[in-house]
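Taken straight from TrEMBL:
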type	residues	note
BINDING	A:His61, A:His63, A:His140, A:Asp210	Zn(2+) 1 binding site
ACT_SITE	A:Asp65	active site, proton acceptor
BINDING	A:Asp65, A:His66, A:Asp210, A:His268	Zn(2+) 2 binding site
2 protein chains.
Amino acid sequence: MFGVTILGNNSALPAYDRHPTAQIVTIGDQLILIDCGEGTQTQLAKYKIRRSKINHILISHLHGDHYFGLPGLITSMGLLGRQNDLHLYAPAALENIIQLQLKAGSTDLPFQLHFHALENFENILIDDPKFSVKLFPVEHRIPCWGFIIKEKRMPRKINKEAVIAYHIPAAYYEALQKGEDYTNKEGTVIANELLTNPNKPAKSYAYCADTRYTPENAIVCEGASLLYHETTYLQNCEHKALVRYHSTTIQAATFAAKAQVKKLIIGHFSSKYEQLEEFLKETQPIFPNTDLAIEGVTYLV
Amino acid sequence: MFGVTILGNNSALPAYDRHPTAQIVTIGDQLILIDCGEGTQTQLAKYKIRRSKINHILISHLHGDHYFGLPGLITSMGLLGRQNDLHLYAPAALENIIQLQLKAGSTDLPFQLHFHALENFENILIDDPKFSVKLFPVEHRIPCWGFIIKEKRMPRKINKEAVIAYHIPAAYYEALQKGEDYTNKEGTVIANELLTNPNKPAKSYAYCADTRYTPENAIVCEGASLLYHETTYLQNCEHKALVRYHSTTIQAATFAAKAQVKKLIIGHFSSKYEQLEEFLKETQPIFPNTDLAIEGVTYLV
């Protein structure tokens with residue numbers, strides 16, 4: 001499974017039972033938490049997501065609605081006896097804040113917390129056997145990063161009948177799965193395409209964090225299976241979006257179209273909007289395959 | 001009105017829709033927030049308590065379940081355009097944590113935040129015309145303080161018939177209300193008791209924070225109209241309470257009886273308990289006028 005579960009879809013202030021930003025990305029047996037607004041640990045419990053399965057946490061920037069839930073989540077993990085290492089990827093200034101909070105509470109975590117400052121990475125943030133996480137800068141009032149989580153290319157599938165017919169030794173199957181051709185004792189090259197079939201294409205999720213409309217970033221997110229782009233405001237607040245370093249519906253949809261992604265989800269709604277239908281109405285004419293990021297819903301990548 | 005509204009009654013971990021510690025004390029037209037666990041701003045909204053009315057926040061100690069909601073509350077107050085000064089009374093180490101968080105987010109609050117380190121006070125923390133707040137150390141794993149909020153003595157009530165009969169000039173009424181006698185032109189002293197009647201006695205609320213059973217503190221809370229004492233555990237966990245610097249039902253009730261308070265409310269329940277009836281069953285035989293501190297309920301002082 002590769003999917004994104006929304007835990008919070010509201011901007012700065014919690015309102016209308018909508019919460020500040022947090023998302024869980026499930027990729028295989030791994031859970032990655034992206035941003036961690038206040039109350040994230042309660043949202044995880046509400047949607048029965050096991051926090052013990054979270055090994056990586058990515059924090060896009062240090063506005064409170066994206067990380068004020070983190071100290072509580074970390075200390076709760078400790079109280080619950082977590083032992084697995086936890087990797088936290090965030091702007092450098094967060095390390096000192098967390099350490100001061102742990103020190104003030106005389107808290108010794110029973111697990112290793114590894115801090116990775118986003119400033120130290122240029123492209124690849126995580127290189128796991130099954131997926132990679134890349135980061136890219138977005139344009140916000142303070143330093144802020146987006147993330148792209150991508151499956152590793154799936155191995156090609158062995159064509160069982162073909163490998164028997166061509167007398168390929170089983171020891172060579174792994175090389176075939178990687179796409180290599182086979183050369184037999186007689187020196188004849190048998191093309192990989194004759195021996196294997198392509199697997200499903202690798203999918204990717206692009207998370208654009210809090211950002212002004214930045215068309216230059218469309219190339220970074222190009223072809224993503226799923227794109228999350230913030231829409232703090234409706235179209236008629238374009239000027240407000242500009243000065244507050246946020247985006248509108250139209251801008252998110254235009255970005256998605258430019259990046260030629262398969263699907264778009266939108267969120268980070270301003271607390272001034274109680275109803276959200278208008279967000280879809282403005283976005284879909286430009287990018288039809290758009291959904292609202294609704295809390296508790298999992299969107300498949 | 002002098003009352004205490006419970007916003008969170010659970011210990012360290014949120015559970016069973018119970019939240020970490022936070023209480024609002026309403027005294028006249030003032031709201032005082034005591035402790036501010038994660039999610040306090042949401043609880044304030046849920047119970048329709050106007051955060052703009054809060055001018056004083058008291059933080060008992062720096063375990064996260066007593067202050068992780070504070071950065072969110074403060075920044076939300078800023079986003080909502082608060083202009084009134086806000087006074088924060090807390091252990092000294094919190095000042096740097098809050099300042100780092102504001103700096104990391106490039107947040108300029110539109111109001112003055114005055115930080116008062118509890119370590120700098122010996123007895124009186126706040127001396128308002130209508131009430132006082134005293135602090136006292138309690139016994140916890142890290143430095144921790146309890147608070148006593150007390151009304152100022154109410155002025156005596158003028159006995160209208162008596163002041164006319166004794167020809168007391170109106171300019172002297174204020175002195176009478178303060179309890180002074182009146183001496184007339186002939187040099188005769190007219191006792192205050194003849195001219196005024198006593199007002200209602202001043203009430204007080206004692207908040208014992210997170211604490212081991214500390215009978216020596218009973219004298220500090222003596223005669224309080226309302227006492228909050230933590231009961232993290234039932235009686236059979238007395239040893240656990242001791243080593244974790246918390247209290248049991250029996251200990252809270254014994255403390256209340258020793259302090260001869262009028263009424264006791266108990267809270268800070270461990271997340272191991274889903275049902276709370278047993279807490280009352282164990283407490284009331286020793287101190288009958290006990291209530292559970294239930295979220296959303298206001299207990300009159």
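Each Cβ is built from the backbone N, Cα and C atoms, and glycine gets one as well.
Recorded features from TrEMBL, shown on the structure.
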residue  : record                : DSSP (3 states)
A:His61  : Zn(2+) 1 binding site : coil
A:His66  : Zn(2+) 2 binding site : helix
A:His140 : Zn(2+) 1 binding site : coil
A:Asp210 : Zn(2+) 1 binding site : coil
A:His268 : Zn(2+) 2 binding site : coil
Discussion item. My list of binding-site residues is A:His63, A:His66, A:His140, A:Asp210, A:His268; which of them have a Cβ under 8 Å from any chain B Cβ, in sequence order?
Written reply: A:His63
Worksheet, complete the sentence: A:His268 (Zn(2+) 2 binding site) and A:His61 (Zn(2+) 1 binding site), compared by Cα position, are separated in whole Å by 14
Worksheet, complete the sentence: Around the Cβ of A:Asp210 (Zn(2+) 1 binding site), other Cβ atoms within 10 Å, all chains included, total 27
Fill in: Cα-Cα distance linking A:His66 (Zn(2+) 2 binding site) and A:His140 (Zn(2+) 1 binding site), given in Å to the nearest integer
13
Worksheet item: Residues near the Zn(2+) 2 site, A:Asp65, A:His66, A:Asp210, A:His268 excluded, by Cβ within 8 Å of the Cβ center?
Response: A:Ser11, A:Ala12, A:Pro20, A:Thr21, A:Asp35, A:Gly37, A:Ser60, A:His61, A:His63, A:Ala209, A:Glu230
Worksheet item: A:His66 (Zn(2+) 2 binding site) to A:Asp210 (Zn(2+) 1 binding site): how many Å between their Cα atoms?
Response: 9
Practice prompt. May I have the list of same-chain residues other than A:His61, A:His63, A:His140, A:Asp210 whose Cβ is within 8 Å of the Cβ centroid of the recorded Zn(2+) 1 site, in sequence order?
Written response: A:Ser60, A:Leu62, A:His66, A:Arg141, A:Ile142, A:Cys144, A:Ala209, A:Thr211, A:Tyr245
Worksheet, complete the sentence: The sparsest Cβ environment within 10 Å, among the binding-site residues A:His63, A:His268, is found at A:His63
Practice prompt. Any same-chain residues 6+ apart from A:His61 (Zn(2+) 1 binding site) with CB under 8 Å of its CB? Would you list them in sequence order, or say none?
Written response: A:Pro91, A:His140, A:Ile142, A:Pro143, A:Cys144, A:Trp145, A:Ala209, A:Asp210
Discussion item. To see if you understand the setup: which same-chain residues, six or more apart in sequence, place their Cβ under 8 Å from that of A:Asp65 (active site, proton acceptor)?
Written reply: A:Asn10, A:Ser11, A:Ala12, A:Leu13, A:Pro20, A:Thr21, A:Gly37, A:Glu38
